[in-house]
Amino acid sequence: MAPTHVLRCCQRGLAWIPVIFIALVVCWSYYAYVVELFLFTLAGLVIYMVFFHLSFVMFVWSYWKTIFTRPANPSKEFCLPKAEKEQYVKEERPESQQEILWRAAANLPLYTRTGAGAIRYCDRCQVIKPDRCHHCSACDMCVLKMDHHCPWVNNCVGFSNYKFFILFLCYSLVYCLFIAATVLQYFIKFWTNELPDTHAKFHVLFLFFVAAMFCISILSLFSYHLWLVGKNRSTIEAFRAPVFRTGSDKNGFSLGFGKNIAQVFGDKRKFWLLPIFTSQGDGLTFPSRLVNIDPEQPTVSLQPEANKSIEDVPASPLSESQNHLLGNEQHANNVTEHLENDSRYLLTIDR
């Protein structure tokens, strides 16, 4: 049997095949459109070349960023101290292991739990999972706000590169739509033999089929992820709702359409269409409807499944990104409370 490291090297090499395939298709599409189609058929239509190269550059840029942006991992604060880690490994009873995790997570900003109400812990990475963090078996690491592992980019899509992935889908769709729209008339002419039968005919016919095929597949995927962004959900959360201390809630992280988009693309709209990192937060903590209802979170009563004793675990205060997102709602709630108090006071006077 081959050594384990040899098998891993082979797996890593094979994982690049989809990326190489996409790269070859893109290089061929550039040659077919610029050399075979433009120089012999569309000569003089400079505006075509300007828009083509603009979409091509943005597509390649966002694709590159999606591939080579390393997934963000939990910070050291979420790792068990050495003594507690050794104690956790020695313990055989799940109840005792959970007690260790509850003590370690007392000062961490955690609002989600497992389906059984326990602390989310990764035995593989030996780290307490932050909210929306999951372990990727393909990358063999815990990824912050993990969405999915994409074989077409050979990378895990998560907090650090989710915006790049959305832009990659967007610009690849624009790129394919532009090619299909501008090649269609010449595809029909070549097909009906209205143009001379040259070596460019194969490239034009095949270019239209490839562009149309990718348009259909990318459009459905892009539409789905736009819906996820509007709901502030990851692909994992769309299939399995996150569990809070009050129970599972598929809309637990939704702050409204505008703020959901700002979480991924940032506050400054001028940077939304550029593949540069502008997402809000640090990937470790996220504002949620639970935090919005109880912004102070003085004490959170949590109960492990196998331990009937209730422990009061204080939660950490909101981060700057959470305060920024929730400031307007908290101000509105304060105004509403003052109005209600004034109304009660006036009713008392009337009586």
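For all residues, glycine too, the Cβ spot is worked out from N, Cα and C.
Marked as domain 'Palmitoyltransferase DHHC' by TrEMBL: 120-239.
According to TrEMBL, the transmembrane segment annotation covers 12-31 (among others).
Sequence-distant contacts of the transmembrane segment (37-61), counting only residues of its own chain at least 6 positions beyond either end whose CB sits under 8 Å from a CB of the stretch, comprise 26, 30, 167-168, 171-172, 174-175, 178-179, 182-183, 186, 195, 198, 200, 203-204, 207, 273, 275. Marked as transmembrane segment by TrEMBL: 37-61 (among others).
The feature transmembrane segment is assigned by TrEMBL to 164-188 (among others).
According to TrEMBL, the feature transmembrane segment maps to 200-224 (among others).
Beyond the transmembrane segment (164-188), the same-chain residues lying 6 or more positions past its ends with a Cβ under 8 Å from any Cβ of the stretch are 29, 33, 37, 41-42, 48, 51-52, 55-56, 58-59, 62-63, 65-66, 69, 147, 150, 153, 157, 194-195, 204-205, 207-208, 211-212, 214-215, 218-219, 221-222, 225-226, 229, 264, 273, 275, 277. Long-range Cβ contacts of the transmembrane segment (200-224) within its own chain (Cβ-Cβ under 8 Å, at least 6 residues beyond either end) map to 25, 29, 31-33, 36-37, 40-41, 166, 169-170, 172-173, 176-177, 179-180, 183-184, 186-187, 190-191.
According to DSSP, the secondary structure content of the domain 'Palmitoyltransferase DHHC' (120-239) in residues is 67 helix, 16 strand, 37 coil.
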